[in-house]
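First comes the structure, then the notes that go with it.
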Amino acid sequence: MTDYRTLFSSPGAGSTVTTPITLSLLLLLSQATSDPCYDPGGRPRFCLPPVTQLVGKAAAPCSQTCALPAASPGPACNSSLTLDLDGSFLLTSVTLRFCTAGPPALVLSAAWATGGPWRPLWRRPAWPGALGGPKKVTFHSPPGPKTRIVASYLRVEFGGKAGLVTTGVRGRCQCHGHAARCATRAQPPRCRCRHHTTGPGCESCRPSHRDWPWRPATPQHPHPCLPCQCHPIGATGGMCNQTSGQCSCKLGVTGLTCNRCGPGYQQSRSPRMPCQRIPEATTTPATTPVASRSDPQCQGYCNVSVSSVHMSLQRYCQQDYVLHAQVSASSSQPSEAVGPEWWRLAVHVLAVFKQRAWPVRRGGQEAWVPRADLICGCLRLRPGADYLLLGRAAQTHDDDNYDPARLILNRHGLALPWRPRWARPLRRLQQKERGGACRGLLPPTRSPGPRN
């Protein structure tokens, strides 16, 4: 291996020859490794792939015209020729070669998709008394960014017999100024995108660089895609919306870059959950009165309070309904008294895992809770929270407001804080019930009423 120190040593044998050669090689190497889409300082700039010979698919009409004598009538000629470029390209020139004098009139059109609409690019009208045109016709795309022609199909309409020999179409891939290289033979042609763009034609930004909407590059401004400014803790990742730049935020986090806590949340010290819900101090009867737990009349009234339940098939079948619901967090009137014995709560049913005789529909519902159950703290419901509700259908009641279609929440059921991991096993139990697994498993008898 050559030591570079010998190439730039003091004059001696061969040093005057090797120094210019080495400088030339280094210059060529720097030109080969430089990126046309970036200047020497690393700043983005407008770039285009080189012009290449494009491949078209078409059969030249009247291909035997050149071999026929001049006096021979010859076969009937087609009136047009369509070229499929196998992709979208920026056209630079179209060349048509004829074996005899070309047709007196020609019309060249371009289209984006199969069947048009066709856009006329060049028209050569027939002069009165003209017998034919030249044997070679070349169309050049006009210069300027506003006059660039993007086409996937070309159509040539002849005004007479045409003995067409070859068609030459030159152009470059449509990379919107964001690429200097392109695989023209790929299906579809794919640009080697720069400026953090992506897509076959560099027509969109990468998911991690969508701080501004995508724009094509121009010689005046390269319009590179900018990285998303997502907060490293408040966002779920580094990707943002293509149009607005909105980052995907964690629960309780808001803002375009996920940099602050939303309403009802406060900052925490956990990087996994940077915003936690603010505990609500509420006086609604839906919460548990602490003083009522020492009331002698409430001793032994409620069922044993549990925080978790093993949901076996038998326990599931013994329930009249199993719901995933959310207690309304409205601050106007989440609950109200209805008569001396009942309170009415607004709930939103999110999922029904077991249906009762009177169907419970998803959406907004009115849940009825006995006043005594609330006073004794049998149900601990917090507005805005999700719960798994296990309960029994209403039975005969002496109250005039009784309705068998009511959704009753009482001390005989359970209201457990919802856990997302419960959804899948509950769906499996629901499928078993539909298959008849609950037949013969009757619910146990309920207690007749409160004990004094």
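Backbone N, Cα and C atoms are what each Cβ position is placed from, and that goes for glycine too.
The recorded disulfide partner of Cys378, taken from Swiss-Prot and restricted to Cys298, Cys302, Cys317, is Cys302. Reviewing Cys191, Cys193, Cys225, the cysteine that Swiss-Prot connects to Cys205 via a disulfide bond turns out to be Cys225. Looking at Cys175, Cys228, the record from Swiss-Prot puts Cys191 in a disulfide bond with Cys175. DSSP assignment over the domain 'Laminin EGF-like 2' (228-277) gives 0 helix, 19 strand, 31 coil. Looking only at Cα atoms, Cys230 (disulfide bond) sits nearest to Cys258 among the disulfide-bonded residues Cys258, Cys317, Cys376. The shortest Cα-Cα distance between Cys240 (disulfide bond) and any of the disulfide-bonded residues Cys173, Cys193, Cys258, Cys376 is the one to Cys258.
Considering only the disulfide-bonded residues Cys173, Cys175, Cys376, Cys302 (disulfide bond) has Cys376 as its nearest partner by CA-CA distance. The Cβ of Cys249 has fewer other Cβ atoms within 10 Å than any other of the disulfide-bonded residues Cys205, Cys249.
Counting every protein chain shown, the Cβ of Cys378 (disulfide bond) has 24 other Cβ atoms within 10 Å. With all protein chains in the displayed structure included, the most crowded Cβ environment within 10 Å among the disulfide-bonded residues Cys175, Cys191, Cys302 is that of Cys175.
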